[in-house]
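J.: Next up is a structure, given as C-alpha cells.
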Amino acid sequence: MNTSSDSVLSELDAALSKKRTVLNVKSIKQKSLIYALTFISGFISLGYQYFWFKSLTVTVGADLYSSSIVIAGFFLGLGLGSLYFAKEKFNNLAYYKLEFCVLLSSFLCTFVAQSLWLYLNLSEWFGIWGLGVVGISFVIPAFFMGGTLLLLIRLLSRLGGDVQKGTIYGINLFGAMFGVFLSASVLLPVFGVTNSLYLLYILNALVVGVGFLSEIKAPLSLNTSHVRGKGLPRGDLIFLYALSGFCSLSYEISWLQLLNQIMPSRSINYSLVVTVMLGGLGLGSVLGGLLNIHKKNAYRNVLIVSSLSILSPLFLILFLSTSIEQNTTTFGFDLMSSFFEMINGGYEVPFTYWQLRILEVIKYLPLVMYTVFIPSVLFGSIFPLIMKTANQNNEALDTGVLLGLNTIAGVFATILTGFILIPSLGVVNSLKFIMWMGIVVITCLYLQVKDGEKKWFISISFFSCLIVQLILPTNKTHLLLLERFDSTSTQSLFFSEGKGHSISVFQENVGNDTFKRLFVRGESNTADSMPSLRYMRLQSFLPYFVHNSEPKEALVIGLGTGITAGAFIEVESIQNVDVFELLPNMVEVAHLFEESNYGVTRHDKINIVIGDGRLQLAKTPKLYDIITLEPPPPSSAGVNNLYSDDFYKLAKTKMNQDGVLAQWFPITTQSSEASRAILNTMKHNFKFVNVWFTERYEALIIGSDQPFKGMSYDVIQAKWNKNPKIITSLMEVGIDSPVDLVATYLGSINDFEDYLNNAALITDDNALLEVDQYNLFIDDVLLTYQSFMDIFDNSESISVPEQYQLDFEFQRKLQRLLLNDAIDKNELYEFKGDPYVDALINWSIK
C-alpha cells in the first residue's frame, strides 16, 4: 500500500516537474522574444533619427542651429516620454500600442522633414519660430519611443522572474548602436533615404504585430512581487544620473569636434563616433547589471564610477595625437587589405565598393575606440549601479524617471555646450569647466557618505583635476591639426572654435613660395597658393566670358577665402554679388586673404549673408545671371546637397533666362564613378553644358538652358578687352591672353557622351557623394585623368584666329601635359616664365 502511494507520488512529481520544465522553456522563449523586441526597438529609433536628420539637412539647412534644435526636440521627446509613461497608471498599457503610435507619428515626421515648401511657409508665418514648429514635430514620435523601453520592462515583469534593468537597457542601446551604424554604412548607400525609411516602417509594423502577440500570451496584470514600494529613487541619485547625461552628451559634442582634426569630415566617421559611444554605453549597462555589489558599498561605487567617467575622457584627450591613428591603423588595415587581395585573387584586382567601405571603418576605428570607448563604458555602468543603490521600487517607474531626466539633461548639454561653452571657451576649456562642475558636485555628495576614505577620494579627485587643468593644453584642438605638418615649415595665423566647427589658417612655405591655407573641421578647403588662386578666379571669370550678355547679378555659394567672390569685383558689368556662407567666422578669415580677394568683405558690390547656402537660395526672391559654387570637397558631410539633381532644379528657378551655373569640379577628391555622376547630374538638368580644365587638380562645369553664344574667340576677346581689371587678375595666375583662356576648354557635354555612359544621378535621396569611397587607392583617380585626356584630344576646341594658332597649340600642349597621370617637372621647363608653371616647378611635381 505504501509502495503504491510512493509510486503515485513519484509519478505526480515527475509530471509536475515536466510541466514546470515546459512552462520554464515557454517563459524563456517569451523573454527572449522581448529582448529581441528591445533590440529592434532601439534599432528603429536611431534609424528613424538618422534618416530624419539627413532629410532635415536638405530642408532646414546644415547650420548647427537648425540641426541642434531638431536633435534637441527628439531627445526632449524621449525624456518626456520616459517620465510620462513611468506613471503607475500605465502599468498594464500594452507595449504594441506605443509602437503603433511611433509608426503613425513617424509618417508625420518624415513628411515634415522632407517638405521644403512647408518649412518656407512656416518661416514666413512664424519667423525663427518656424524652426521650433519643425522641432516640435520630432517631439511626438520620440515621446512614444521614450515609453517603449518601460513597457517592455513591465511586459517582462508580468512573465515573472527578476528583471535586470541594466541588461535590458544595454540591449536597447546595442540596438540603437546597430541602428545608427547600419543606417550610415549600409542602408543609405543601398536604399537611399526614402527607401530606408520604408524599410524602417515595415520593421516597425512587424514589431507592432509581434508585440501584440506577446501581450496576448503574457499575464494580464503586472506581477506585483516585483513592485515593492511606490516611492521614487532618492533625489541625489536622480540628480547624479542627470549629471551623467549632461556630461556624456557634452563629451560627445567635444569628441566630434576634436576627432575632426584627424579624421575626414565624412558622415560615416560621425556615425562611427556615435556607434562606439552607444556600444560602450550598452556594454557598461550590461556589465554594471551583472556586478554583485553589497548594498552598503553601492552608493560609494556609483560616486567613484561617476568620477572616473568624468575624468577619464580628459586624460585620454591629453595623449590624443595623430600618431595614434597612424600607429594603430597600420596593422588592422594592412591585414584586412591582404585578406581582400587574397579573396580577390591578387593585388592587381581592384577592391569592391564594400571592401573599401570596410577599410575606411577599420582605418579610424582604433582612434575612435581609444577616445570614446572607455568613458562610454563607465557612463553606461552608472545606470545599473544607481538601480542597485536605490530601493527596489516599480522597475519601470525607477527606469522612467532616471532615463527621462538623464535624457532631458542631455538636451541642456546640447544647447549649453554646443552654443555657449565651446564658442566662448573652446573645446578643451569647456571640457575642463564640465570636469570641475561634475567633480565638485560628486564631492559634495560623497561628503554625505559615512566612509573613512573620504579624504582619499576627495584628494585623488581634486589632484586629478589639477593635473588636467595644468597639463592639458587649451589649444589641443589646434595642436592636433598642427601635428600633421610637423615635417613642414608651417605657421599658424588663425584659429577659431565655433558652433560645431573649427577654422584654422596656416602659412606654409613650399620651396620659394609662401601661401596661406584654410582648414575647416580639420580638412583643407583651399589656399591662396598659385594653383588655388588660378582655379578660384576662373570660377568667376569663365562664367562671365561664356555668358550670352553682360551679367549684372551674381551669386557665390561659399565665401571661404573670398577669392572667388572677390573676382567678381573686377568684372565691370557685375553690379551686385550675393555671397551665402554657412560659418559666421569665415568673414573674419576672409580678411586674412585680402591681398588676393580684393577686399571682398568691405566692397560695396558684395553682400554677405550668413546661413545655409541652399536654404538661403530657396528663400531669396532674386534672380541671378551667374551662380557659382565654392563648397567643401564633394564627399564631405552635407556637401552632396549642393551637387544633387534636386539642388540644380532649385537653382534653375533662381536664374534669369540666360543665366549660367558654374560648379566646382575637383578631380582628386572623389572616386571616378562619383566624378562621372557629378558631370552626369549637370547634364541631366541643363540643356547646354561645357567643361573647363582650370588647374592640375580642378575643373569647372558650366551649365545653362540657353545655347552658349559667347563660346567663340571673338566674343571672349571683346569681353577681355573691355575688362582691364580681369586682364591684370588673370595674368597674375598665368593666363595672359584670350588664347590662354580658351586653351583650358575640355569640351562640351556631347564630347563626354561615352564617358557618361551608365553614370549615376546624384540626388538628395541617394546621397551618392556622401557614401562615395575615395582616395584610398590613387589608381581610381587616374581613371578620371585618362578619360579627360582622351576627351581633350578628341573634342572640338574653340577656334582661334590663324595668327594665334601657334600660341594656342603651345597652350594646349601644356594642358595635355597637366592631364598626364604623372608630371616630371623637367617637362615643365619648356613653359617656364608662366607664374602658374613656375609654381608647379617650385613644388617639384613628379
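Every residue, even glycine, has its Cβ placed from backbone N, Cα and C.
All TrEMBL annotations are machine predictions without curation.
Taken from TrEMBL, the feature domain 'PABS' covers 477-714. TrEMBL lists 33-52, 98-120, 126-156, 168-191, 197-216, 237-256, 268-290, 302-324, 367-387, 399-421, 433-449, 456-472 (among others) with the feature transmembrane segment.
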J.: Are there at least 3 C-beta pairs under 8 angstroms linking the transmembrane segment (268-290) and the transmembrane segment (302-324), leaving out pairs fewer than 6 apart in sequence?
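T.: By the criterion, they do not touch.
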J.: For the transmembrane segment (237-256) and the transmembrane segment (197-216), decide whether they are in contact, meaning at least 3 CB pairs lie under 8 A, counting pairs 6 or more apart in sequence.
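T.: The transmembrane segment (197-216) and the transmembrane segment (237-256): touching, no.
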J.: For the transmembrane segment (399-421), what are the same-chain contacts with Cβ under 8 Å, counting residues 6+ beyond its ends?
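T.: Here the qualifying positions are 64-65, 68, 71-72, 75-76, 78-83, 85-87, 146-147, 149-150, 153, 165, 169, 232-233, 237-238, 241-250, 253-254, 383, 386-387, 429-430, 433-434, 499-500.
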J.: The transmembrane segment (98-120): which same-chain residues, six or more beyond its ends, come within Cβ distance under 8 Å?
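T.: Same-chain contacts beyond the ends: 41, 44-45, 48, 52, 55-56, 58-60, 85, 130-131, 134, 137-138, 140-141, 144-145, 147-148, 151, 194, 197, 200-201, 204-205, 207-208, 211, 618-619.
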J.: Which sequence positions outside the transmembrane segment (433-449), separated from its termini by at least 6 residues, show Cβ-Cβ distances below 8 Å to it?
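T.: For the transmembrane segment (433-449), the nonlocal Cβ contacts are 236, 239-240, 243, 246-247, 250-251, 299-300, 303, 306-307, 310-311, 314, 417, 421, 425, 457-458, 461-462, 465, 468-469.
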J.: Is it the case that the transmembrane segment (168-191) and the transmembrane segment (33-52) touch, counting contact as three or more CB pairs under 8 Å in which the residues of each pair are 6 or more positions apart?
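T.: In contact, yes.
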J.: Residues of the same chain, at least six outside the transmembrane segment (126-156), with any C-beta under 8 angstroms of its C-beta?
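T.: Answer is 31, 34, 37-38, 41, 45, 48, 52, 56, 59-60, 65-66, 69-70, 72-86, 90-95, 98-99, 101-102, 105-106, 108-109, 112-113, 119, 163, 165, 168-169, 172, 214-215, 218, 222, 395-396, 399-400, 403-404, 407.
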